Structures are given as C-alpha cells and as structure tokens.
C-alpha cells in the first residue's frame, strides 16, 4: 500500500471533524424536535470502595460512569469519509447531559473527569468517565461490628426534567466485574431502580436512577481487637471473689477491670456517629461495666463481713442455716483442712473413736489420789478459794476468747461462702451476656 493511501483516512478524519462542527453548538439539546425527550442511558461500574466514614456518614467510592445518548446533529455517511465509523474527540466539543450525583457530600462538588467521547456515524455518543465520589449514606450501627449498610447513589439531571431528558438505567444492577475487594466491607450487590419524582419546586417530573450499594462489614478485625479482649477482661471480674480477703487486692482488681473496659468503650465511641442507637458492642460494654461495678460493691460488702471483729453479733440462725449449711455445701466451701471426707464428730461434741484425745485431757487425768505431792489435802484448804477464783477467771477468759474466735470464724466462713457463690453467679452472667451478643449478631 502506498504512503498516500495510508494518509487518506487521516485527511478524512480532519475533514469529518471540520464538517461536523462547522455549524454545531454544544449549548443546545441535540434533538430534531424540541418537544420530544432525549433518551440518556446510564451505566455505573463500581471499581473500589475507598472509605466509609461512619462518624460523618460519608461513603467514598471510585466509579466508572458510562452515559449514552443520540446526537441528531452529529451523524454522517461513513462511505463519504473513507469508511470512518467512529471518532474520539474531547467531551467539551459536544453537548453533554448534566447528570450529577444528587446525594453528593464532597466539599468541592467535583464532577467527572474530562475524558474523550466516542462519536459514531449514526450519531450515538458514549461517554465513559471515572469519578471519585463522596456520597451521603445513612449509617445504622445498631449491630456494630456485625452490621450491614445500604448506601444509595442517586444520579439525575439537575436542570432538565423528564420531558426533556428521559434517564434510564442500562442494567438492572451496577457492574461489579472490575470491583477491587475491600478489606473492611463485603459488597453483596448493587441493584438499580429508576424513579420519577415530582419535587415541590416544580410541576414537571424528574427521573433519576438510584443504585443501592449493599454492604456487610467484615467483623474479624473488630472481633480480635475489641470483642475478644473485652470478653477475656470480663471473665477476670468474677475471679475477684476468689481472691482471699486478706490479700488486699480484691477491690483493686475490680477497679482495674472497670478502667480497662472504659478504655475500650471510648475507642468504640470515637468511631461511631453520635446517634441514639447504641451499637451492640457498646451495649455489651455497658452491661459488663454495670456487672463489674456491682461485683466491686459486693466485694466491699463481703470484705466488711469478713473483717467483723470480736464485738460483732453472732450469725443469725437463718444465715447459719441458709449460708453455712446449704450454700456452703452447694459451693463446696469447707474449713481449712476440712473436706467432705473429713471425720465427723459425735452429736455430743466429742471426737469419734480413733481421734486425738479431747482438749484438756492429759495422761495423768483419771489417776486417783487424795493428796498433792508435798502438801497434804487437809493442809491446802487455806489456798483453795483463791485457786478456784483464779482458775475460774482463766477459764472464763478462755471461754470468752474461744467464743469470740468461733463468732469471728463463722463470719469469715459466711464471707467465704458468699464470695464463692457470687463468683459462680457472675461467671454465669458473663457467659450469658457473651452468648446473647453473639446470638444477636447472628
């Protein structure tokens, strides 16, 4: 083929461009009959979800927007121009529909990129333009971090009504074939619907195409960084009841756990919008903090019971029967060195056979004698009354001391039984709350 033949299509393209735009104006709607509406077809391809700002309720996405319409003034016979069927020219050369994103939340309100259009010989124009859009999205965080969102992208003409531009969607849903997977959100679908709305300002109908982006949050990050630490910290709170009362760390453990949960609660509150709906994980934090506050208050009360001094009143009969008998057996609480296999005492208080000798017995008891070595019995009457008084005083002190010890020991055992009982109660509460949270998430 000669070089002149190769250059012929180039000359035809210049001639075609000159002939088409000699008397063309891009300011007027390109229709032969001004009373007829111009059909504009819209197709949106979702390329990427850049960001979802839950606090400001703004979705930033990367879209490819394709608009197709017929320009009656830009048709030509391709046989007259060397068989040229289509040309690509700057979009500013032709008339373009003013299709914008109605729920745009960008401060600059920028439109699509100024790309070329594809102009065909029959007058059909295809305009493909990429756009980074910021759209307002109503965020519902009631089930965070197991929530799903529905964000709408509404496209329509700003100045042309339905009698001038008939906007329609090319597909029943947005195109997701070139979508780049997001690490936080999973796209379930993007259905498209055409709506015709009559606004209060105007009597003419305005059609629009609304794409509903169905999103579901990938909760793995929040489970491992917010939920599991909270559950593990929550299980530490009932263990405060298991600490010995004399350790001095029971209240400190409860306060430390409460402060840790407060930090997690603040982390969640900073990322969530200030709405009336409390997130599911926030409800779990609040319930757990309430439970830990109650456990700390009960710990203080039980420590007060444990440290009852000798002047305390005896344990009431109902508390002895309910706590020291029934709850102690239920919670397996025994005295030091005592267990369910310990030898039982006889009903009269004496040790069973085979036990150690009763307190106060000595090998010399039971031996008969009528005199003390060195002092005949009849010569000790002068010291008998004073000796009995001293022995009685010592015995009384010993009995009072034993009674005080027994009373203090009973109160300590009451505190120990209550500690063990509330430990299992709060363990059960933490488990049930965790199951409820996971159940509501499902």
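Cβ coordinates are placed from backbone N, Cα and C, and glycine is handled just like the others.
Feature transmembrane segment, per TrEMBL, maps to range 251-272 of the set 141-162, 163-184, 185-206, 251-272.
When the ranges 77-100, 101-124, 221-244, 317-340 are checked against TrEMBL, the one recorded as transmembrane segment is 221-244.
It is 284-303, from the ranges 24-43, 44-63, 284-303, 344-363, that TrEMBL records as transmembrane segment. Looking at 400-420, 421-441, the range tied to transmembrane segment in TrEMBL is 421-441. Using a Cβ-Cβ cut-off under 8 Å and counting only residues 6 or more beyond its ends in the same chain, the transmembrane segment (284-303) has close neighbours at 227, 230, 234, 237-238, 240-241, 245, 250-251, 254-255, 257-258, 261-262, 264-265, 268, 278, 415, 418-419, 422, 426, 429-430, 433-434, 437.
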